[in-house]
């Protein structure tokens with residue numbers, strides 16, 4: 001019998017369009033002989049739409065113009081139910097019982113534990129990290145504190161909240177971190193709101209922009225090194241892919257280079273590295289995955305310095321699945337096809353849910 005898979009995509013996030021592209025690639029690649037697909041799109045206002053596979057995206061081939069087809073059919077979620085947890089809000093009829101949800105909502109509310117918490121309350125298995133792993137990985141400040149505590153190297157930097165913005169001074173940070181510096185929102189992905197600054201004017205402009213995306217930001221030293229990414233797959237016994245290298249054609253790997261401009265970067269897969277360095281990167285990726293309580297999947301981004309020091313940049317618990325995204329490409333190079341990768345992720349989600357169901361929820365045995 002086919003499994004029923006709900007794909008949740010879009011979202012009230014600066015990474016909305018990236019999510020639409022990721023969803024399209026997953027829908028195109030999923031094995032229709034094994035899975036029935038249900039499409040649940042979230043628009044930029046946060047409204048949910050039950051979509052049909054034949055027409056769920058508008059301008060789907062253009063990453064600049066791609067958008068969600070808004071339907072008149074929303075949904076409501078019933079927490080605590082054992083079945084029929086999702087009903088259509090207009091007709092109050094339940095959707096077919098979903099076996100698993102594949103959330104591919106990048107960024108705010110989709111990758112930060114919010115969506116994961118709702119799905120846990122509804123007792124629906126879902127792909128990717130649960131609430132804790134998602135939340136702490138999304139917050140770059142908290143993630144780096146935990147990674148550092150686990151003995152892993154991260155860039156030197158400082159976190160500031162918007163209420164403290166008057167205490168952010170260029171001269172003192174320049175003396176502490178040097179130039180250039182990077183300024184980034186603490187809770188954004190895909191390089192949204194990230195700035196490389198070389199002078200005071202750029203610095204304060206970047207601070208202002210970053211605070212438009214989050215109430216907390218990081219000011220970090222620039223690490224001189226190669227940009228390497230490693231994909232991780234699994235639950236309690238995760239595996240790491242071959243590493244790949246990002247070769248940006250611009251100043252750094254920006255949002256445009258990642259998702260809009262196909263010439264914005266060259267992806268070298270596998271990265272040209274000595275075997276001991278590959279082993280070290282894979283080991284550090286797995287350590288980071290475990291330190292942040294990740295499950296299912298993650299992409300670990302690191303810098304490799306000239307003296308082969310590995311510095312973790314960030315960990316992404318719902319990496320992009322667009323046609324130019326590194327995560328699926330790394331697994332393809334490692335011998336796992338795009339279709340097999342989707343199947344593995346679905347099975348990992350179901351496996352974790354079954355494991356969680358074995359836990360006691362009360363002190364009585366009954």
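Sequential numbering from 1, following the chain as shown.
Quick reminder: no glycine exception, Cβ is built from N, Cα and C everywhere.
Here's what Swiss-Prot has on this protein:
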{"type": "BINDING", "residues": "174-229", "note": "ATP binding site"}
{"type": "BINDING", "residues": "301, 314", "note": "Mg(2+) 1 binding site"}
{"type": "BINDING", "residues": "314, 316", "note": "Mg(2+) 2 binding site"}
{"type": "DOMAIN", "residues": "144-347", "note": "domain 'ATP-grasp'"}
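Recorded residues residue 188 (ATP binding site) and residue 301 (Mg(2+) 1 binding site) have their alpha carbons 15 Å apart, per Cα-Cα distance. Taking each of the binding-site residues 181, 223 in turn and counting other Cβ atoms within 10 Å of its Cβ gives the largest count for 181. Around residue 188 (ATP binding site), taking its Cβ as the centre, 25 other Cβ atoms fall within 10 Å, counting all chains. The secondary structure of residue 188 (ATP binding site), as reduced to three states from DSSP, is coil rather than helix or strand. When the binding-site residues 301, 314, 316 are ranked by how far their Cα is from the Cα of residue 174 (ATP binding site), 314 comes first. Sorted by the number of other CB atoms within 10 A, the binding-site residues 209, 301, 314 start with 209, the lowest. Checking each of the binding-site residues 195, 202, 209 against residue 301 (Mg(2+) 1 binding site) by C-alpha distance, the shortest gap belongs to 195.
Here the CA atom of residue 209 (ATP binding site) lies 22 Å from the CA atom of residue 316 (Mg(2+) 2 binding site).
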